[in-house]
Every structure is written in structure tokens, then in C-alpha cells.
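Q: Handing you a structure now.
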């Protein structure tokens, strides 16, 4: 546009994106924090009144529970994203959520005063519940307030905040900081600090203009909000774009989860969105994060903890690279590079682990494969699925789609967290071959089915999919039916 004020990133926009991304920071902290207290709490349980021989079993159970409850909380709450987002708006939604985060932090932070296991497991469940909602609301809010030109970069900040959270939790979890017997409860409870900070900043942020205009029909407030985000400028073009989207949204009544799953109109988009999230989780990245210390130990590193933190740091740097590239190179290209590269790395990792006993230098092969695996992950499959779902759908089905994609992400996270240890025990060093097959499939799928969304408005993106489904006369008939249903 000739109007240059579109180009600037204003202070208000920066503040809003930063405040929202604090929610993702907590999510990352929650994902990573559980790694360190594992050793501590395993030594700790000996004080429990258990028969000595049942200790390892009880431990594994408590341990899996506190890892898994986080995902269970997320699975349940991911369905409520649309409801929370539309009920009182994105900002108020994120604000109310912080109550959950603070409660969870207090439960974990005060765990030593009560019965530690129950308090930690409950705290993890509530924290997961919080993160499930915030992992939907944050990309939704950021996607709605970001100017088209920067939508990818700002959307990828969600992932950048997640990996920063993981890194912070890994560093604080070092045994001479908080990862020891006296301090582990503080380590688990610290995420409350982030929640408090976010609660102070959010009231200063404008509500999403798309929500105000399309959902509530408040034109003046939407204009005010747009001006706060972009400085003084002529809002008519943005309002016109939202008006077009609103008319579309009126044609397509607010889509419920069931309607979205059944309707053939959105089937293409939904399939792509869910596959993107599956590719993120079934790439094996969480297996590497959950078990990185153990893998480095096997590969013969003297201080595996530092190697894990190294992975965390690499993680962060390359997410930044993705933030810079995503609006230039495009989403599709980066997904292809990322998934293809990870596939090769998983092969390298397997070779390295299999021949470790034969050639000692193979430990370097498997370690560099781990680092590169993380690099490729953060270039594409890490950040992109989170915000591409918001791009693939128009305002009507967007909340439902984000909820379904979130549900898909959390469920696969849970499945991997629960079953990977067993699969690993069974396949031993060949475990990554499973991920090689998954990654190959996902790469192929992305190549064949995922369109490029870079720099397109939400309208144009929806049109890409309509073109694909157009030749089928059935779709036309169904459209008529749907329209009839809406009018009725």
C-alpha cells in the first residue's frame, strides 16, 4: 500500500505481541521444567512409606503421571479455546487464564508443605489446562492483530517464546541453581511469576480489532484499536477487508467443532491443518526433548545436562532464524526443508547409535545429528503449524479449527510422552527409524498438499482451497444446503 504507516511496527503492537507471548513462555517453561526434578524427586521418594522393591515402579508411575497430566490438561482445554476467545474477547480470556497459572504455581511451589506428589500432579494438570488454552489464544490474538507483511514473523514468536521458556527452565534446573532437593518446588512454582507479569501488561493492550468488528460489530472501537496498533492512518481499507470477511462469516454461520469435522467445504484445510500439527509432534522432537539427557549419556557425553542446554540454545537461535525467514522464504518451503532435513538427521542418529560400540567417533555423528535435527525442526515444523492454522481458515471456522488442531497436537504429545519409553525399550537404538518413516510421509504430504500462504489475505487463502474442491459438483450442492441451513 502507498500508505507507509502500515509498514511500521508500532510500540503498542510490540507490547501486545510481547504480552501475549508471555503465555507461550509459560507453556515452554512447563514443557521443559519437568526434566530436572526427575532425578531429585526420584531420590526423594525413598522417604515414602513404600516397600523398598516397589519404589522404582511407583516412581515411574508418578513420574509418567506428572509428565502426562500436563498433556491431559492441555487435551481437555484445547476444546475450549473458541469459547474462551469469543466469550469476552482475546485479552480478557488471556487475563482470566492467569488465575489458573497462579493456582498451579502455588500448588507446585508449596508442594513441600503438603503431600508433594498429589500437589505436583494436580499442579501439572492445571498448568497443562492453562497451556492448552493459551497455546490456542496466543497465536489467534497475534494472527489477528499482525499486519499481513509481518504475520509470519510475529506468528513464529509464539514458538520463539516456547523455546525460550524451555531454555530458561533448563538453565534454572541445573543442580547448583534450583534443580536440587531443597529448591525443586521453587523451580516448578516459578512460572507464576510470568503469569503475574502478563496480568500487569495485558490490560494495556488493545483488543483484537477483528474480534471487535467481526464478532461484536463495534466499528468505532475496532477503528480505535487499529489506530492504537498502527498509529494515525486511514482505517477504511482494513475495515473494508474485515467487512468482506464479516459478510463471509455471516454466510458461514459460526462453525461448531462437529460441523467443521463433517463439512466437506473445509475438509481440505482441516486435513492440512491437522497433518501439520501431527508432523510437529510425530517428528520425534519431543522424544528428543524428554529424553535428551539420556540420549547424550548413551552417546558418551560426560556432562549430558550441558549438552541438553546446548540443544535448548540452538533451538532458540534457529527459531529466531525462522522468524526472520518465514515471511521471505514462505511457509511451504520452510516446512519442506525442515521435514526433509529432520528425516536425514533421524537416519544419521540411528546409524550413530547402532555403530556406537564399533566406532567410538560415532558418538559425534549421533550428537551432531541431534543438534541438526533440532535446527531443522525450528526452521519449519516448530513454529509454522501454530500460526498456519489461523491463516488457513476464515473468521467463522477459525476458533473451531484452532481448537481441533490444538487437540490433535496435545493428544499426539501425550501419546509420545506415554509410549516412547516403552517403544524405546523395545527397539533400542533402532527407535528413530519409526520417526524416519513418519518424517518421510510428512515431507511427501507437504510437497503434494500444502499451499503457500505467505503474504496472502485470509480471503485469498480460503480461495486457494475452494479452487481445489470446485470441480466436484457435490460441493456446490452442499454449499447450497449449508447456505439454506444458515438462512433457515
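Cβ from N, Cα, C; glycine included.
Quick paste of what TrEMBL says about this protein:
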type	residues	note
DOMAIN	16-454	domain 'Major facilitator superfamily (MFS) profile'
TRANSMEM	12-29	transmembrane segment
TRANSMEM	61-83	transmembrane segment
TRANSMEM	95-111	transmembrane segment
TRANSMEM	117-142	transmembrane segment
TRANSMEM	154-172	transmembrane segment
TRANSMEM	184-205	transmembrane segment
TRANSMEM	270-293	transmembrane segment
TRANSMEM	305-326	transmembrane segment
TRANSMEM	333-355	transmembrane segment
TRANSMEM	400-423	transmembrane segment
TRANSMEM	429-448	transmembrane segment
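Show me how these features fit into the shown structure, please.
A: Residues 94, 97, 101, 127, 130-131, 134-135, 137-138, 141-142, 145-147, 154, 157-169, 190-191, 194-195, 197-198, 201-202, 204-206, 228-230 of the same chain lie 6 or more positions beyond the ends of the transmembrane segment (12-29) yet place their CB under 8 Å from a CB of it.
When Cβ-Cβ distances below 8 Å are used as the criterion, the transmembrane segment (61-83) is approached by residues 30-31, 34, 38, 41-42, 45, 117, 120-122, 124-133, 135-137, 140, 257, 290, 399-400, 402-403, 406-407, 409-411, 413-414, 417-418, 421 of the same chain, each at least six residues removed from its ends.
For the transmembrane segment (95-111), same-chain residues at least 6 beyond its ends with a Cβ under 8 Å from one of its own Cβ atoms are 23, 26, 84, 88, 119-120, 122-124, 126-127, 129-130, 133-134, 137, 185-186, 188-196, 198-199, 202-203.
Within its own chain, the transmembrane segment (117-142) is flanked in space by residues 16-17, 20-21, 23-24, 26-27, 30, 34, 41, 62, 65-67, 69-78, 80-81, 84-85, 90-91, 93-94, 97, 100-101, 103-108, 110-111, 154-155, 157-158, 161, 188, 191, 208, 386-387, 389-390, 398-399, 402-403, 406, 409-410, which lie at least six positions past its ends and keep a Cβ under 8 Å from the stretch.
Remote same-chain partners of the transmembrane segment (270-293), defined as residues 6 or more beyond its termini with a Cβ less than 8 Å from a stretch Cβ, comprise 31-32, 35, 67, 166, 260-261, 304-305, 307-308, 311, 335, 339, 342, 346, 370, 373-374, 377, 381-382, 384-385, 388-389, 392-393, 401, 404-406, 408-409, 412-413, 416-417, 420-421, 424, 431-432, 434-435, 438-439, 442, 445-446, 449-451.
Through the fold, the transmembrane segment (305-326) approaches residues 32, 35, 152-153, 155-157, 159-160, 163-164, 166-167, 170-171, 174-175, 288-289, 292-293, 296, 334, 367, 370-371, 374-375, 377-380, 382-384, 454 of its own chain, all at least 6 residues removed from its boundaries and within a Cβ separation under 8 Å.
Beyond the transmembrane segment (400-423), the same-chain residues lying 6 or more positions past its ends with a Cβ under 8 Å from any Cβ of the stretch are 64, 67-68, 71-72, 74-75, 78-82, 132, 135-136, 139-140, 255-257, 259-261, 266, 269-270, 273-274, 276-278, 280-282, 286-287, 290-291, 385, 389-390, 392-393, 431, 434.
Note on the transmembrane segment (429-448): residues 275, 278-279, 282-284, 287, 332, 335-336, 339-340, 342-343, 346-347, 349-350, 353-354, 356, 381, 420, 423 of its chain, located 6 or more positions outside it, place their CB under 8 angstroms from a CB of the stretch.
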Q: Could you tell me the mean pLDDT the prediction assigns to the domain 'Major facilitator superfamily (MFS) profile' (16-454)?
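A: Taking every residue in the domain 'Major facilitator superfamily (MFS) profile' (16-454) and averaging pLDDT yields 86.
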Q: So if I exclude everything within five residues of the ends of the transmembrane segment (154-172), which remaining residues of that chain have a CB under 8 angstroms from its CBs? That is, six or more out.
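A: Answer is 17, 21-33, 35-36, 135, 138-139, 142-143, 146, 178-179, 187, 190, 289, 308-309, 312-313, 315-316, 319-320, 322-323, 326, 378, 382-384, 386-387, 390-391.
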